[in-house]
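*Asks:* Quick paste of what TrEMBL says about this protein:
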type     : residues : note
SIGNAL   : 1-24     : signal peptide
TRANSMEM : 67-85    : transmembrane segment
TRANSMEM : 97-122   : transmembrane segment
TRANSMEM : 142-169  : transmembrane segment
Amino acid sequence: MGLPHLFLLARLCGILSFSFLASAIGTDYWYILEVAERGPGNSSQGPPGDLNSHSGLWRICEGMHRVFVVVLPLSLILLVFGWICGLISSLSESFQLLLLTGSFFLLGGAMTLSGISVYISYSQAAFSEIGQMYDQKHFQQVHISFGWSMALAWLSFTTEVTCGCLFLLSAQMLHSQPSRHSVVI
């Protein structure tokens, strides 16, 4: 695979990563709560489906809200700057700019991973705290899962890291090529 194909693939990964993360941040299907059918003798009113809910970064995280407001959108901003830097570095075929671009995307991937990890930890801690406040038998019919917004965030992380590695690989390939400058002595 030549450098032009590698540049094209890296830019495509950057665009996909941005799209995945922007969609994940903007949607509310990170955390899904489903209540199963109740057994006989349960006096709760209303069908169990009325208690089902889904939420995202902007509705569930009051206490930890500041962390998500900073980490995941910062990763999105790094993706934009990384993509611009990647476009410039691939057009100019600059070794240093390609290294910087690869580092931008790897840093963005680390930020995305941090944001996802903090969200998962917070969600688990919040559910545990509610379980301690109320009797555990109230939660026997409750099923909690992460939704497709979380899957988009994981896809964004994967494509960010792939993009960073592709730019670093292209920098290595460019650096190992013989110099195209000729000198007449």
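Positions of Cβ are set from backbone N, Cα and C atoms, glycine also.
Please go over these features one by one and say how buried each is and what sits next to it.
*Replies:* With a threshold of 8 Å between CB atoms, the same-chain residues lying at least 6 positions outside the transmembrane segment (67-85) that come near it are 11, 14-15, 17-18, 21-22, 24-25, 57, 61, 97, 100-101, 104-105, 107-109, 111-112, 114-115, 118-119, 122, 153, 160, 163-164.
Under 8 Å from some Cβ of the transmembrane segment (142-169) lie the Cβ atoms of residues 6, 9-10, 13-14, 16-18, 20-21, 23-25, 27-36, 54, 56, 72, 75, 79, 82, 86, 89, 98-99, 101-106, 108-109, 112-113, 115-116, 119-120, 123, 127, all in the same chain and six or more residues away from its ends.
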*Asks:* Taking residues 6+ outside the signal peptide (1-24), which of them lie with a CB under 8 Å of any CB in it?
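*Replies:* Tertiary neighbours of the signal peptide (1-24) are 30, 72, 75-76, 79-80, 82-83, 86-87, 90, 93, 105, 108, 112, 149-150, 152-153, 155-156, 159-160, 162-163, 166-167, 169-170, 173-174.
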